[in-house]
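Participant: Heads up, here are the entries from TrEMBL:
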- 1-15: compositional bias 'Low complexity' (COMPBIAS)
- 1-39: region 'Disordered' (REGION)
- 102-120: transmembrane segment (TRANSMEM)
- 126-150: transmembrane segment (TRANSMEM)
- 157-180: transmembrane segment (TRANSMEM)
- 200-231: transmembrane segment (TRANSMEM)
- 238-259: transmembrane segment (TRANSMEM)
- 301-319: transmembrane segment (TRANSMEM)
- 326-344: transmembrane segment (TRANSMEM)
């Protein structure tokens, strides 16, 4: 036997199996569009992920809840005012404070404006048109990420990521939320994909747009990809791309703010100043402990979140696969979790920018399970390696089933508010000039897009809340340029935010949780129920059953109240 032949056999035996598609030559063929690899080596085609994600994002657009009242009062309401000259204003939109960028609203008005002309008085259709637009952006960015992963790391990993993006509760809910943190999630997803495709200038440009048009604080999430893009690509070209994009969006933001606030101000700087430079007072709106995001991450991704946190432990076993590129892409998960967990004020939406990266990290860990048992000096697979390969689809399937269970529980347990407000359009016999009143359920108000024209105004009634509530935009004071004296940045209730004469209410929305104290709607001599839908009682329902839908047990073990639309009875009906 010749020496060269023996060397060749030893090298072959020492090489890891290539069934996972990670051999260097296969990887090189995938990365070269003009390579001689077959069609399988080119990765997943665009159509499959676009179709799958498109269907799921359309489902999200049509059935998603509104998870945060900030989404309504800081984005849906000012957008409604731009379109219809009515809506609620928060103190952040007062010209005195000017914390919110109107450029972000104008971007969505590109769809909402034409939709309002097409649908006229059917404002609910405008609402869902914007949601479908958000779902389309999410679909496109996530499709690019799946294709990029398939070209760099093989079809299996890309398919795992695709499945998680489609079915994880976190991505389902965040993908069509009208929030800057969701927009940052789109930008993070696309920027990461372009980085993997070695489109470094594009990756940095998208990152700049995500920070300025989306959420300024998300700059930390974009940092690793931006730094390595400057190192990997042509520094001059990548830097100029990011600089020009940043400059364009900064100028557009400044012009939009000047036009709407009526004075020279810069909302991006104002927001940073309020939260960082001046110390900020966001703690006035609630604080949470260090573990909040870890509990929240598990709720939205279940065991996928735990696997994502274990990604760093996988890298030493799969160094040739994932280091450094995928490690660079996934690293913001750890940076963002650490940074946000140190902040006193915490909200679920603050975690949105890293949602797609959580899916990537978790999928990579599942895909790498056999690597823990692989003997690089042997061409034969051990029994443990074979078992690990068989466990991969089982683990993924369990995660996806748990995610679907969580989504189903949320939609069915808390979907009543959106459905109840849509009942309003069927009760215009209440008469023009009607007043709709909302008490403790003000934070679930789904926006003025659900208020038909026969209702002249929506008013809050005092149910004990002592924070500052939104006021209608005041055209007399200047609309968007107004700086009303009743606004403050201390979250203190303002004089006049509540309707004192409850007798003026023609319609009432309330949640009856069947507590010992009576609800207003229990007075059948004053109110009649136009609609009532079950609403999950979080306080009295077990954590397991309210968080996840378990067939035959969810309805039985949870406690439900009634979400009601009530109408005042006329004296002759009393």
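Note: Cβ is positioned from N, Cα and C throughout, glycine not excepted.
In TrEMBL, annotation is done automatically, which means it is predicted and not curated.
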Participant: Cβ pairs under 8 Å only, please: of the recorded stretches 157-180, 200-231, 238-259, 301-319, which one is richest in them relative to the transmembrane segment (126-150)?
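Facilitator: Looking at each of 157-180, 200-231, 238-259, 301-319 in turn, the most contacts to the transmembrane segment (126-150) are made by 157-180.
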Participant: Among 200-231, 238-259, 301-319, 326-344, which stretch has the highest count of C-beta pairs below 8 Å with the transmembrane segment (157-180)?
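Facilitator: That would be 301-319.
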Participant: Which stretch from 200-231, 238-259, 301-319 shares the most C-beta pairs under 8 Å with the transmembrane segment (326-344)?
Facilitator: 200-231
